[in-house]
């Protein structure tokens, strides 16, 4: 699974996931499914934000990369992917500026158009079950919840899906692609089932010993939203050649 993650996701997303697991004292060599889940969640959050801006009239518009406008403001503030201290600093700043209610748990995004925090969920199970779990944990009507599944289903607070259909379809397609690529490598069952995951982990560790010197192909594309995080953790030279486009897992 670890090899798959490094092949399928952009190196910047992988690096953020590694830092997140390290911050919580988790070993990605052991918890490979969580490593994959974190990378997937990060990518969905960035794709959610991609290309969405607010113009001078306060209207939400979509602007593709290559059509810049200095007067435009990003519609979404990305909170996910930051270290906890910085994330809470951003949340506090938003609350002080907008008067929004401070959430009990760190949300993933803030929507400046709708003036609300957003919790993004990506589930391998039924969307309604995961939605209820999120709602019970957050216990706040102020935080908007939007759940995606690997089967193309989604569920959101009051059926308000925030994004246009095309933007959501891009996210669903990416998730379906990840599922297909996992399945083609025999990883999907272990990603869904904890019991199967333990068996797969033993197999992976044994395989890593045999293939430690094998070269690995890496996707070099990235989400434009990642560039917003860039100053915090990497220099611009490493992102200069990355194209902002929808990621696709490379074939073996």
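Heads up, the Cβ atoms here are built off N, Cα and C, so glycines get one too.
Record note: among 202-221, 222-241, 202-221 is the stretch given as region 'Disordered' by Swiss-Prot. Just so you know, the Cβ of residue 28 (site 'Important for efficient shutoff activity') picks up 20 other Cβ atoms within 10 Å once every protein chain is counted. Non-local contacts of residue 108 (active site) by the CB criterion (under 8 A, 6+ apart in sequence, same chain) comprise 41, 45, 78, 79, 80, 118, 119, 120.
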